[in-house]
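Shown next, in structure tokens, is the structure this report addresses.
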Amino acid sequence: MNVTTMEAEVEDENSIYAIFKLIEQSSVIVWLRQNFPYLLPLLCIVGIVGNSMALLLIRTNFWLRRLTSNVYLCTLSISSCVFLFTLIVSWLDSAYRLHIYMDSEIGCKVFTFLAHLSDFNCVWMISWISCDRMVVLYRPGFRKWVCTKRFARNWMICTLLTSIVFYSWVFMFAGLEEYKDDLFCGLSSKAQVFGYPVADHYFLFTLLDTAICTLLPAILIMFVNTLSIYRYRQCMRIYSSGVLRVRFDRASNGNPIPYEETTAKKLLLSQTHTNSHMSTQSNRSTCGKLRSSDLQLSRTLLIVTSTFVLLNVPSYMVRIIQYIFEPQTQIFHFLHYFSYLIYYLHHAVLFYMYIFWSPQMKKQLKPTAMRLLECYCFKTVPEFGHRSTSQGFN
């Protein structure tokens, strides 16, 4: 019996190994591995363009600029641009030996700090976006304090200051190290804490970074998104149900007391939270209403934040597995390479998803681009600079 079980396990392992072998040897993966040194800068440029385009759309559109979640989105866009810029710098330094990162003590500390700082802010801005959407959908009593631009700005500044304090250790512990007659940027072997060399505790730094930048935000995002998806589906079910029946009650004197005719849309707009009673009175304050635009934006941001979790978590998990088990198989090397590819990919494609999944962003994309082209590329210069004035006197 045990022999049969062992044979089945070996067959399963062989079948899994064969599947990974086929994937690894596929033409697409081989092409990606051969061209990865050229794909990385292309990925960074595409990501910087997408983040800059989204930032421009948010800042130039009146409706988009009013949304509180766009304070977090603007910070996310800038942080992603900074992270991708540090990737380009490290690639240029390794490819052309510019001596600004791998051969410079100051460059090593500065660019490592910027990379960690921007990654931390990206992760937590997405977490705050998820929480903001949940507050908008559920409408608890503290919404009028949380969903304001002032609160969003203060919370964003607090997150930025926290990241600066948390990653200030880079300036003390990071430095150039020598390996096989070559220099690399890492934890300095000279740095010590209470007499213990910092370089010997690299795994603790990795584990702490994983917990703060991946594990806690991922759990928070998944929990909050689950609640938001449930609420969103509940709202859409009411919204798409059509016209509700009109009900009449009769008073004691026999005269009917008419109730205002209620559509599903009005019923949805009047909801404050799931436990509140449905109200359809016309004098309802505007701040307590859930608009259809809120639902559209919530759907877009739920897709974006869920995609972030799917693309961000694998690289950290592979990094921990590599340190604990130290696997040397080709399958693991393939998974390690692929996890880093999708990790860089999330910084590049996240805002393209936001632009093309958001009806408002998609609607404003072409007019904004045309205005920019007209302003900077096709602007006609009048003759002598005063053509219209001179014609007025003739």
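Glycine is treated like the rest: Cβ placed from N, Cα and C.
In TrEMBL, annotation is done automatically, which means it is predicted and not curated.
Over in TrEMBL, the protein carries these features:
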DOMAIN    50-354  domain 'G-protein coupled receptors family 1 profile'
TRANSMEM  38-58  transmembrane segment
TRANSMEM  70-91  transmembrane segment
TRANSMEM  111-131  transmembrane segment
TRANSMEM  152-174  transmembrane segment
TRANSMEM  202-227  transmembrane segment
TRANSMEM  301-325  transmembrane segment
TRANSMEM  337-357  transmembrane segment
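With a cut-off of 8 Å on Cβ pairs spaced 6 or more residues apart, the transmembrane segment (301-325) and the transmembrane segment (38-58) reach fewer than 3 such pairs and are scored as not touching. Outside the transmembrane segment (70-91), and at least 6 residues removed from its termini, the chain residues within Cβ reach (under 8 Å) are 37, 40-41, 43-45, 47-48, 51-52, 54-55, 58-59, 64, 100-102, 111, 114-115, 117-119, 121-122, 125-126, 128-129, 132, 149, 152-153, 156, 159-160, 344, 347-348, 350-351, 354.
Away from its own ends, the transmembrane segment (152-174) comes close to residues 68-69, 71-72, 75, 108-109, 112-113, 116-117, 120-121, 124-125, 128, 132, 185-188, 191, 198, 212 of its chain (Cβ-Cβ under 8 Å, at least six residues beyond either end). Within the same chain, the transmembrane segment (111-131) stays apart from the transmembrane segment (38-58): fewer than three Cβ pairs sit under 8 Å, each pair at least 6 residues apart.
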